[in-house]
Amino acid sequence: MTNQAAEVAKRRTFAIISHPDAGKTTITEKLLLMGKAISVAGTVKSRKSDRHATSDWMEMEKQRGISITTSVMQFPYREHMINLLDTPGHEDFSEDTYRTLTAVDSALMVLDGGKGVEPRTIALMDVCRLRDTPIVSFINKLDRDIRDPIELLDEIEAVLKIKAAPITWPIGCYRDFKGVYHLTGDYIIVYTPGHGHERTEAKIIQKLDSDEARAHLGDQYDSFVDQLELVQGACHEFNQDEFINGQLTPVFFGTALGNFGVDHVLDAVVDWAPRPLGRVAHERTVEPVEEKFTGFVFKIQANMDPKHRDRIAFMRICSGKYEKGMKMRHVRLNKDLRIGDALTFFSSEREQLEEAFAGDIIGLHNHGTIQIGDTFTEGEALGFTGIPHFAPELFRRVRLKDPLKSKQLRQGLQQLAEEGATQVFFPERSNDIILGAVGVLQFDVVASRLKEEYKVECAYEPITVWSARWISCDDKKKLEEFQNKAMENLAIDGGGHLTYLAPTRVNLSLMEERWPDIKFRATREHH
């Protein structure tokens, strides 16, 4: 095996998906602790202050105490290199989260044992399903009262449409939580709470049918054995092929706060989750062990460092090897660049990088020329597929306070839209500018950044737009006919694409019925 192939085989790149408050931040901390990336878990604190977690860079995040940005963290574990992409928990930032999921090979789904499957989890699983992403599941908070575990598995299967295969099974919960039983290994992992950075070596009891197990379970023993028979009769067994194809999820139980069960999940990622996979480009499929470097940008983060008005483009390496000072081609601009200052991440602690391999995430300094979806190669003209723009759910008309600054306003909105969290639309029939976003908070972010970075003050007005759909049609004549009839509701988006701004849900349904040859798409790819 070549050195490059060996490095690729070591990589595991995954994201954590969950509903806000299911315990994602705590799990992230415990995972980093396993890789010794932080010495004291129980809070990813900034090294310079105790007030803010390291991943909260932007002023607005600090003021509101939510993670708006996607953090990327790399750490070693069991002779592997783990790339963990943390996704924003706040509901307004789903588009950023969705695109992050295009850069990973697997995902860890965290569920609150007391609440089960929640709306955000469903939305994120829908995105994972588009790419058949393998999912490992962790049912968290067993140190509290949880719902019946069998009921939770049924809910995963019914709501998320994926088979659930329990690997561990909880022995009691809350004050009676005694640990988990490993179904295939026939052993008990005893629960001893470890808080903060304590990692207590787990005590193992071999075989459920043993005096030691009977003593540990006490009067719960008989009912637990009965429950297990039911579970083993009713549940799916783990199957590696079904897992890799996104049809089955192995399920683990534990408590991240009590530092119990998180290592089982990380072991599953190392043992079962795929190494970096081939990536589909418009031209061909790119394999990770190819010699030549390729990568695509899935996220742009502006102003990670307020001292320099910088933007960092986050790139997933798809093949080859990044070496400091190498030359790469920015395919969309057909321009060669020498990259000597790519970054690796521990949240906002950034370090310059000497080398990186397929599966790794690196940061490129971006002075406004890099866009989401851009491909970089060593010369080949490639464009990776599957990096989506989603139709916004909220719309506002932008009103300029100083009419003389309309040029700066357009420029600012266009540049901020390039980061992919908001989208800008220019109606065909008016001089209005309409801003679309997936959450209300984004409008505040844009207004404050226009003011700080572009010296433009704007206000928002309500507008009757229910949703946007990108328009395409194979029949040119039909498209022209549609454009003439629907002109009132048509706009051009920031990327120059024709868009239908539907005033109501009913209007959209009627238009889709009336114009069967026109495709009304809720997503479009970045090009």
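These residue numbers are counts, starting from 1, taken along the chain as shown.
Glycine is no exception: its Cβ is also placed from the backbone N, Cα and C atoms.
Here is what Swiss-Prot records for this protein:
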- 9-277: domain 'tr-type G' (DOMAIN)
- 18-25, 86-90, 140-143: GTP binding site (BINDING)
Assigned conformation of ASP21 (GTP binding site) - DSSP reduced to three states: coil
Count of other CB atoms lying within 10 Å of the CB belonging to SER18 (GTP binding site): 23
Site with most surrounding Cβ atoms, counting all protein chains shown within 10 Å, from the binding-site residues ASP21, LYS24, THR87, LEU142: LEU142
Averaged pLDDT score, the domain 'tr-type G' (9-277): 84
